[in-house]
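One structure below.
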Amino acid sequence: MAGGGFATAPANGVEFEAKITPIVIISCIMAATGGLMFGYDVGVSGGVTSMPDFLKKFFPVVYRKVEAGADKNSNYCKYDNQGLQLFTSSLYLAGLTATFFASYTTRTLGRRPTMLIAGVFFIIGVILNAAAHNLAMLIAGRILLGCGVGFANQAVPLFLSEIAPTKIRGGLNILFQLNVTIGILFANLVNYGTAKIKGGWGWRLSLGLAGIPALLLTVGALLVTETPNSLVERGRLDEGKAVLRRIRGTDNVEPEFADLLEASRLAKEVKHPFRNLLQRRNRPQLVIAVALQIFQQCTGINAIMFYAPVLFSTLGFGNDAALYSAVVTGAVNVLSTLVSIYSVDKVGRRVLLLEAGVQMFFSQVVIAIILGIKVTDHSQNLSKGFAILVVVMICTYVAAFAWSWGPLGWLIPSETFPLETRSAGQSVTVCVNLLFTFIIAQAFLSMLCHFKFGIFIFFSSWVLVMSVFVMFLLPETKNIPIEEMTERVWKKHWFWARFMDDHHDDQVFVSGDVNGKKSNGKSNGFDPSTRL
Ligand code: BGC
């Protein structure tokens, strides 16, 4: 039982002793750099793709269109170019492919080498991008950055949740998202500055400064220790126990170590984690994880994050004002994420998601109405007052996203899967997220061109659908210990409980007891004895 430090409440109800040690602090810095890198990549492309010098060099067709002005081209279509969209979206396509390799290296080499690989991908990608002389180099650089994102987003959250004491695991999870938003803001600020550089190399500086978070991640990966879980998983038991002592700041780690051995033994019995994920009784978590990722992207957030400067200049703001507005949305994104960190364990996930649903729906509809009336294909008379109102509504929308779907889209899947499917579930989560990020990135400018102001009605309809989904199908998981989800959440849910009927499961399913009886005999999940 707990002595000094503070106690965490693990799955089997026994409390483990754990202090916040320097190594846990370093792991926070790791989260920061992994998140920063991802965020920087998200934020940088929008500003760069609205810089005339960049367009002139790589996308002369778009450059000529933009230069031609509104009388020749529709306001809504001037940036519609598949190559330009590929510049932004190739990163996500590479990332979702890389996730599968990353899940292999995470298991066989460990978390630390996987983060190191991510750092190296990032560094080479940044060099190629900053030095690019042609489109091929540019896209190759983005693909390498995407591989970095795939490896980092698989390994960093896993690393964090294994190294963190249970009690601060949720906070650390949202801290990762906080750093994604800081990365986006940093990129917007950089773009704001580099857009002013005369001489045509501002975009190189924007792309090159991604080297800072990339280097930080690489150095960080070299400095931190491997997680005890990964060491035990690979048979290095003594080392695993020594590391556990060091990170918990105590010699009294036997109970946690025993749990770790048991979890690792049981996890090894699962020969096909992905097939296991498809079992009927894992359906609720799988459906929720996949739906949450699709919904998160269908809020339309990345239409704003990637293309805010382009969007603002489409709306008739000058180039400078456009980037300036993007900086404002970036700041709102960061600050509102703090709201989530503060309130998620107090008011709960559902309240945040439902409130945000109303706020996002309302602001998107207002934006659509203003644009519908004021911005037509070949003329726009958005007065200063209306332009400010559009920016305020975009900020209202971004704020709502940042305290709801942004962090919770990642948090909820990570806390609802039982141990036996948790890592496979994480891979699917990352993959679906990046896939839909890719689809939105690739399609947005064409959608803007065809739907015009209706794009905001399109996204607001999705917001309506996802809010109804949350209302009826998303259970509250606030303050529920992670291994008690089955008993206290799924088995009590009006709809999902039917999937929890043990008789539907395979009769002989050894790994099922990962979720059920533990050494202290307390059942907090499936009771495998009812099936065997
Ligand atoms: C999403 C990203 C998005 C970011 C915006 C994240 O949760 O996964 O796609 O760009 O939030 O802050």
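Each Cβ is built from the backbone N, Cα and C atoms, and glycine gets one as well.
Automated prediction, rather than curation, is the source of TrEMBL annotations.
Feature annotations, courtesy of TrEMBL:
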type     : residues : note
COMPBIAS : 517-532  : compositional bias 'Polar residues'
DOMAIN   : 27-478   : domain 'Major facilitator superfamily (MFS) profile'
REGION   : 512-532  : region 'Disordered'
TRANSMEM : 20-40    : transmembrane segment
TRANSMEM : 83-102   : transmembrane segment
TRANSMEM : 114-132  : transmembrane segment
TRANSMEM : 138-160  : transmembrane segment
TRANSMEM : 172-190  : transmembrane segment
TRANSMEM : 202-224  : transmembrane segment
TRANSMEM : 286-310  : transmembrane segment
TRANSMEM : 322-344  : transmembrane segment
TRANSMEM : 351-373  : transmembrane segment
TRANSMEM : 385-406  : transmembrane segment
TRANSMEM : 427-447  : transmembrane segment
TRANSMEM : 453-474  : transmembrane segment
The transmembrane segment (286-310) touching the transmembrane segment (202-224) per 3+ Cβ pairs under 8 Å rule: no
In contact by Cβ distance (the transmembrane segment (138-160), the transmembrane segment (385-406); 3 or more pairs under 8 Å): no
Positions whose Cβ lies under 8 angstroms from the transmembrane segment (20-40), at least six residues beyond its ends: 5-6, 115, 118, 122, 148-149, 152-153, 156-157, 159-160, 163-165, 168, 172, 175-187, 209-210, 213-214, 216-217, 220-221, 223-225, 246-249
Contact yes or no, the transmembrane segment (286-310) and the transmembrane segment (427-447), 3+ Cβ pairs under 8 Å, gap 6+: yes
Paired segments the transmembrane segment (427-447) and the transmembrane segment (114-132) in contact, 3+ CB pairs under 8 A: no
Stretch-level contact, the transmembrane segment (83-102) and the transmembrane segment (172-190), CB cutoff 8 A, at least 3 pairs: no
Spatial neighbours of the transmembrane segment (138-160) far in sequence, C-beta under 8 Å, 6+ residues away: 27, 30-31, 34-35, 37-38, 41, 58, 86-88, 90-99, 101-103, 105-106, 111-112, 114-115, 117-119, 121-122, 124-129, 132, 169, 172-173, 176, 207, 210, 214, 217, 224, 227, 410, 414, 423, 426-427, 430, 434
